[in-house]
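Undergrad: Before anything else, here's the structure in question.
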Amino acid sequence: MKRVRISQQEIVFAVFAALFLSFSIFLNGFLSADNMLTLLQNVAVLGILGLAMAIVVIGRGIDLSLIAALAVPGGLVLQMVQNGHSLPASLLAAGLLSIAVGLVNGWLIAYAEVPPLFATLATGLFVAGLGQAALFQLDVVQWSDGMAGFERLGQGSILGIPTSIVMFAIACVVVFILLRKTRWGAYIYAIGDNPFAARVTGIPTRPIIVLQYVLAGLIGCFAGLVMAASVNSMPTRIFNSTLIYDVILVVVLGGIGLSGGRGGVVNVIIGTLLIGTMLNGMTILNIPYAGQNLIKGLVLLIAVITDTFLNPRNEETAQQGDI
Amino acid sequence: MRETLTRLRYRYWPDHLLGEILSKRWTETAIPVILLLIVGFALSRSLEHFLSPASLADTARQAGEIGFIGLGMALVVIVGGIDLSVGSIFALSDFCALYLLDVLNWPVPAVVVVTMIVGGLLGAVNGVLIGYLRLRAFITTLITLIIYRSAYDLLIQRYSNAIASAFPDIPSWDFIGGGTVLGIPSVALVYIVIAIFGHIFLTRLRPGWHITAIGGSRRSAYNSGIPVRRTIALCYVASGVLTSIGALFFAARLGTVGGDIGVGLEVIVLTATVLGGITLGGGKGSVVKSMVGVLIVLLVTNGLTAMNARGGVNRMALASILLVAAMVDIRWQKNRTRIISKVYVAPTYHALPPPPPTEIGKGGPFEQNDRLRDVSLIGLGRIEAPEDVILDRNDVLYAGSRHGDIVRFFPPDYERMEVFAHIGGQPLGMAFDKEDNLYVCIGGMGLYRIKPDGTVEKATDETNRSIYSVNDDSRLRLADDLDITDDGLIFFSEATVRYEMDEWPVDGLEARGNGRIICYDTKTGTTHTALRGLKFPNGVAVASDGQSILFAETFGCSIKRYWFAGPKKGAVEIVMDNLPGYPDNINLASDGNYWLALVGMRSPSLDLAWKMPGFRRRMAKRVPVDEWLFPNINTGCVVKFNEQGKILESFWDLKGLNHPMITSMREHRGYLYLGGIANNRIGRFKLDNADPNFVQYDKRWGKSS
């Protein structure tokens, strides 16, 4: 007899579908085209960050420095333009900063063998501190005239679709191609599945791990620019928020296991949609922010518990230090 | 001149301590402690009021509050998990305490108890989910972090005004928040008590060991019957309770329910935990490490705040410390054994004059001959590594074997062989006492006694620990040879306290006085160390006066005499030095003189190397072990000497066909029986001019009835 196995991805999708259906039936104005676009627009940045996190998590890592990688290079662009530098030069500086952060992360994790949790926790702290101490004059870096035209990255629409959603879509396509159509992507999956086996088969595991974090940093920078463009400023205090937890939840709920080697772009989209639907529905219901968080947390908890019941962890093959 | 400098440098500089210190477990804690001292020193130099009582008390208060959370986090990390929800539990406990006190006006003891219960329940949610339902700790506590935080946000929206407007004036509550006992803040005092208990709990009590075992390997812990799920769940409950205790003190001190209380606390505590050296993934950690980590983090953040650094600088400093600590910790964990094995071997200066000649034609007592060529063989191929041989009053021949057995051969032809007793370990020197009990030194185990019926008893396996020794030298590592005095004192040699049985030749490479003579009193059953600092002491024989022993120092190439009683008690004199080989066992001869086995002959190369410690150290570091320059133990001889230190005669097997290697010899009824630690045989050699009725233990203890 074959046991029916339901993956976490399917559970989350079912939860999403149930939520979506009930909101559509019981909430006035939920299913309208405008609201759908708003829903997606609100979670576009979260989704892009989710893609960055997905790359790292598939390679059996985690990147807690993503929020810093979003806030600081993005803020740097705005600050430099404000200080009179040209936009391309500022973008270049931000890109270099992101690459540097990614390289440091990757080196620490791949070569110095610091656990990713700590390496990225520390670099995130460091980069945020750097921004606060040396780069920005105010917590919120304001838009300046030199940025004219750049706001189209996050505002307006292309063919009737809000730009931020288009950006999320572009990012999805790029990451999808990288993960599924290139050799590097295959390497990332191999490393996530079993780093030692990957190494033995001759995959350059360490450079690929560095590559993961550089890519994550660059995507984070991109998310930051989209975010800055859509709100015309960069609130650098976002580092203090719980946004990073939302990003992890998007990835994990979508079905990309933290032990690596599983999942892909589709999972990020599903996870993002679930979070987006929940947030949107609760906003329409006029639930306060704290209440929204509470409900979000409880739903997530139920989803994770359900997953554990349907797919219990295997005690015999569980890895040491896999927390 | 240069030689003298080398000699003095190796005489007084304790090279061997480095390897011994590094192989201690507590050196892992030493790194964060040193960091703490550096940070503390730097701050006391750069901050004016850093060491003032008020400032210290304030630091102690904060350290206590965060310290409780650190203890909880340490517990959870050691068991192999992580608790990100501590910040939110802290906030909720803080709210709970103030709500009960300010709004419901409960008495303080009830507030304390209920707050701790609330903390425990919040932790229990994590515990049930992670322990029993086996959810991932990281993701689970991440979700509870969000849930608890939003619950807190909802609660303070409702009650923060009520709490803010109340000003409770309760002495016991104020004492919790700001009281001191003998100048020590209340919170620090409670923390110290709990930390001491926590240390005992983790290192001495069964549940503590269970926690470490689960963190080390959850699967093995489960398979060995440890209640894994319950233990894990209880760790999270403990984390919750400890966090709520920290929150209680915080609530009593500040009495506020701000929106950002406990935000980011998990990062600070996690930083402290890793900084202290508690390995993520579980299985390793201690209370002291947690305490040191918390102190470092707190000193750095407070110090930077006091120096008016911007918040960003604070973060950068914290992050840099976290990274450096994690890197040092990881590199050290990874390379520890390799580094220790590289630095453990610490050769020292050991100069010997040129040895007396042994070549044929040069004359002298050591002149080589071929007298052992006519040795007949016993047990050829049936025995392995008989380091020592001995005969009892009934002419039965006993020998040890590498397999941990004592075997015996029966007269008259010594063909019939049986296993007399099985002990384990490698049997080395042997001796009979007056009651015909056989005492055996077992390498790696200690001194054992075999009764005539073959039952084995442990005589002793430990002695008093030297105060200044870094290595724990109370256990016997390499008991080697023994003899028994008329009063029932057993003197036995322990060749080295730095190496195990299987690596004893390395001690010859070091040529340091690592060995000792130990005395076991059969009457009282006590053991004490008689002499220490000897260069591989080996053979032991009671001298004719009954007040002293003769002992051989293998790598000292000398025979010495030690008085344990009588007018010269405590004195050590050299009987012979500068032997041409490495002396091993010493035994009584029928004419009142002594037999001595030379296990190997000195070689000019090693003699030279012994004068060049730096050369030997480089060799030990750079060359694989099997290519090291070891003392030669392939060919040797038996000599007879008297108590005045004169060599009387020597016996050699030049061709090396019958008995090339000799570690011991025993005279019995006109024959000499030969043993060798690398041999597969026992030799039997007919002595000329020897008393044909000589039985060693009849002579020592008188004829048996």
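Cβ atoms are placed via backbone N, Cα and C, with glycine included.
Per TrEMBL, the feature domain 'Strictosidine synthase conserved region' maps to B:480-566. What TrEMBL lists as transmembrane segment is B:68-92, B:104-125, B:137-155, B:175-202, B:233-255, B:261-280, B:287-307.
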Undergrad: Output the single range from B:104-125, B:175-202, B:261-280, B:287-307 maximising the number of Cβ pairs under 8 Å to the transmembrane segment (B:68-92).
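TA: Result: B:261-280.
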Undergrad: Would you mind splitting the domain 'Strictosidine synthase conserved region' (B:480-566) into helix, strand and coil residue counts from DSSP?
TA: 10 helix, 44 strand, 33 coil
Undergrad: Assess whether the transmembrane segment (B:287-307) lies in contact with the transmembrane segment (B:137-155), where contact requires at least three Cβ pairs under 8 Å among residues 6 or more apart in sequence.
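TA: No, the stretches stay apart by this measure.
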Undergrad: What residues elsewhere in the chain lie close to the transmembrane segment (B:261-280), defined as a C-beta under 8 angstroms and at least 6 residues from its ends?
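TA: Here the qualifying positions are 28-29, 31-32, 35, 66, 69-70, 73-74, 77-78, 82-91, 94, 145, 149, 152, 247, 250, 286, 288-294, 296-298, 301, 318, 321-322, 325-326, 329, 333.
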Undergrad: Over the domain 'Strictosidine synthase conserved region' (B:480-566), work out the mean pLDDT and round it to an integer.
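TA: Looking only at the domain 'Strictosidine synthase conserved region' (B:480-566), pLDDT averages out to 92.
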